[in-house]
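Features of the protein shown, as given by TrEMBL:
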- CYS71-CYS74: disulfide bond (DISULFID)
- CYS417-CYS420: disulfide bond (DISULFID)
- 27-152: domain 'Thioredoxin' (DOMAIN)
- 366-495: domain 'Thioredoxin' (DOMAIN)
- 488-528: region 'Disordered' (REGION)
- 1-17: signal peptide (SIGNAL)
Amino acid sequence: LVWLLVLSLAWLGPALGGEEEDEEVVAEEEEDVVSDELEEEDGVLVLHEHNFARALSEHRLLLVEFYTPWCAHCRRLAPVFAEASAMLRNESSPAQLGKVDATARVALANEFGITSYPTLKLFRDGNRTHPLAYTGRMDAEGIVRWMRRRAGPSATLLQDADTAAAFISSQDLVVVGFFQDLGSEAAQVFYEVASEVVDLPFGVAEADELFQVYGLSADTVCLFKKFSEGRTDFPVDPAQGLDAAELTRLLHIHSLELVMEFTNETSDQIFGAKIPHHMLLFLNKLSSAQLMLRDGFQAAASTFRGKVLFVVVDVTGYGADVLPFFGLTPADAPTLRLVKMENNRKYRMDQDAFSDTAIRTFIQAVLDGKVKPHLLSAEPPEDWDTRPVKVLVGKTFEQVAFDETKNVFVKFYAPWCSHCREMAAAWEELGERYKDHEDIVIAELDSTANELENITINGFPTLHYFPAGPGRKMVEYKSARDVETFSKFLENGGTLPEEPPPVPKTPENSTGMEEPSPVGTTETRDEL
């Protein structure tokens, strides 16, 4: 998704999140360590088969990172994990952090089913058989908050009006569950959600006095906030009870301001809510006239709460880096765009009108499927069709790819993609090999600058083959990325000839972990 790409480039920075699948590693058990002594490295326990049980017995809450030395994500996480350990130790938390080198401690990795790195698991009260998967953020503060929530009660019991008032006023956002029976199934679901949503403080109440003070007569979850509506209630359905996933989703949505400003600090909130559409107002904050346009934008937002997230983008500030991905320049402000997050389709009004009525009408028309997406297209180079590899853009793609007299092989790439750069020479060589074939075309399209109405590209490079003939057929190529395999594919009409099965060999890898496929890998738009 280009909007996700933009966010990755503009404000997420080098993400610590993500996982790396097992690479081919010849794992050799290090010389047996017979001692069960617990040693530390940068404040983190170094764990192995001989001291793991002791660590579990001595630490009620033990968060263990399974890592490999070759994993880039693991290397970036190491100082963060050490920082989190120091923070927990400074506040005398019962939580302890440990780490296991999965390439050297294969038995432990196999015992806990570790297949990607880094993997974090929480062991509670010495229980070795049912560790809890880590679900928090991959930064020091996120790790500490997640562990705090599991070290103590997930929700604070509010016993009277004074306690409740103090708790509610303590922060900008507070969640309180009002339950007539704290032992009910709905209350238990609430506690479960409180354990996972660590960025919000949770309170719980069952006193009749508090139901009366807050005007409630039945079980209800209330989100108190010092902005927008001030309070949002989520009544518990008497028949269906409380659904943990739905409550989590609603809390994320309603924790956001009605209109968000596009900044580094708001990115996690914007995308954590997973709202399916984003309505963007691009404006110049140095212009007082353009700033006034926010009033109509704000007025329209409440109608689509939960369906459309309203975002203001300053074209002279942090939002400047976003503009090329929308085909905009600062001179185009003020302007509006709606992005459908599922497929990254962007929609623009025929003419910019900034009243709340015009904005509501436009958004509803998009939601009803009455507006066609606005597709980006670069201008084709003058020699685009004389090169061995034809350079396609959005406005020329259809006529080339779906030419019924040609078999067209297209590489969809991104300029920043390392995998694309690695196969560039092979693709050029393929173009040279087939430049004189009348019915075979080798082409490429920059997917960051060109959008197609019926084809969505999620990883790079993506290779599609469009065979000659009617029917607008498309075949995705998923095999090895070398010239000879490409040629076999083309000569065989868009399929690879069957190869005799390989002779089985005794596996050399003793890890028991999955090996990577020999087929080339791709980079998604989020892997930046």
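Yeah, the Cβs are placed from backbone N, Cα and C, and that goes for glycine too.
Between the alpha carbons (Cα) of CYS74 (disulfide bond) and CYS417 (disulfide bond) lies a span of roughly 21 Å.
Distance noted between the C-alpha atoms of CYS420 (disulfide bond) and CYS71 (disulfide bond) is 21 Å. DSSP states for the domain 'Thioredoxin' (27-152), grouped as helix (H, G, I), strand (E, B) and coil, give 44 helix, 30 strand, 52 coil. In the structure shown, across all protein chains, CYS74 is the one of the disulfide-bonded residues CYS71, CYS74 with the greatest number of other Cβ atoms within 10 Å. Across the fold, the C-alpha of CYS71 (disulfide bond) and the C-alpha of CYS417 (disulfide bond) stand 19 Å from each other.
Neighbours of CYS420 (disulfide bond), defined as other CB atoms within 10 A of its CB across all chains, total 22. Within 10 Å of the C-beta of CYS417 (disulfide bond) we count 21 further C-beta atoms, all protein chains included.
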